[in-house]
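J.: Annotations per TrEMBL:
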- 20-361: domain 'FMN hydroxy acid dehydrogenase' (DOMAIN)
- Tyr46, Tyr152, Arg187, His274, Arg277: glyoxylate binding site (BINDING)
- 99-101, Ser128, Gln150, Thr178, Lys250, Ser272, 305-309, 328-329: FMN binding site (BINDING)
- His274: active site, proton acceptor (ACT_SITE)
Amino acid sequence: MGDQRVCRIVRPNSKEGVHCAEMAMVCLTDFEEYAKAHLSKATWDYYAAGADECCTRDDNLLAYKRIRLRPRILRDVSVSDTRTTVQGTEIGFPVGIAPTAFHCLAWHEGEVATARATEALNTCYITSTYSTCSVEEIVAAAPSGYRWFQLYVYRERRLSEQLVHRVEALGYKALVLTVDVPYTGKRRNDIRNQFRLPPHLKVKNFEGVFQQEASVPEEYGIPANTLDPSISWKDIHWLQSITRLPIIIKGILTKEDAEVAVEHGVQGIIVSNHGGRQLDGGPASIDALAEIVETVAGRIEVYVDGGIRTGSDVLKALALGAKCVFIGRPAVWGLAYKGEEGVREVLQILNDEFRLSMALS
């Protein structure tokens, strides 16, 4: 399974001082444990956070464990091919990087390292609006990488419009409109920790934009109440009027909204509950996938994120109709372990496990 390096996790032990445990990085849980041990508490809590009681966050994982595969045997599996296409572009395997904020909290190179890793493995990287490297820096670091850009709609529409034009000019291949954040979910540990970006980090895509409003309370690196809670389906038409990029909607969890999305001419849906960070008590994203796939009926591509931790999870999502899956937190764990190399290892492990699960199924 790729390069199974050994890391050392150091933990305090009440009787013997420091206790060192050897750990081979063979599955995504190993990266999770490493990240938890090495990141600051506030940073770990930020990445791990779910909304309210974290029921939906936790169910994203549990839902995959409830799904069973029905293997067929004595099929020739001597040759396997994990390549697929998304929006007409071939990628090496059906696992991309979901938009996650503030990669520089996990590794000093941040999103630049993530971009290089996904370029090396030829898969899709959805860059977050809330990245700690600018879209220009990301493209310069991985010029031939395949990228989409995650977009929010702001009260000041000019901000969203400027971002769209920037990424279109830079060669991003699609816009991923995140629609489940009219307001930010209540993440209790972030409130307890009074989470703020450290002074040396910025939301680089907005650098200089909000300087005149320094007195306004901050929320995740930009002034509070900047997102537009009035966003509605009519804004899809507005977005289509300012760009020629495909529009993919991220955050749909019902067949009813999937049908409306198709009617509005979008090119894709990411079935997502925002990693359980928004509405607590909604469905696990994998549990919402099947009805959306059935409703869409092949008219547009459907993807899913949330809770994917093994190659068999990838296979389950594809078997239920997803064209590709996206991982969020595991990419950050890879960064925390060893930057670009760590993200590559996480992706490679998922690809190897997916290939093995396909063959055994």
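Cβ coordinates come from backbone N, Cα and C, glycine included.
Note: TrEMBL annotation is automatic and uncurated.
How about a rundown of where these features are and what they're close to?
T.: Residues near Gly307 (FMN binding site) in space but far in sequence (CB under 8 A, at least 6 apart, same chain), listed by position: Asn60, Leu61, Ala63, Tyr64, Ala284, Ser285, Ile286, Asp313.
Spatially close to His274 (glyoxylate binding site) yet at least six residues away along the chain are Thr178, Asp180, Val181, Gly185, Gly251, Gly306, judged by Cβ distances under 8 angstroms.
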J.: Measuring Cα to Cα, how many angstrom lie between Tyr46 (glyoxylate binding site) and Asp305 (FMN binding site)?
T.: 18
J.: Measuring Cα to Cα, how many Å separate Lys250 (FMN binding site) from Arg277 (glyoxylate binding site)?
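T.: The Cα atom of Lys250 (FMN binding site) is 14 Å away from the Cα atom of Arg277 (glyoxylate binding site).
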J.: If I take the alpha carbons of Arg277 (glyoxylate binding site) and Arg329 (FMN binding site), what is the distance between them in whole Å?
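T.: Checking the Cα atoms of Arg277 (glyoxylate binding site) and Arg329 (FMN binding site) gives a distance of 12 Å.
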J.: Rank aside, I only need the closest one: which of the binding-site residues Asp305, Arg309, Arg329 has its C-alpha nearest to that of Tyr152 (glyoxylate binding site)?
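T.: Closest by Cα: Asp305.
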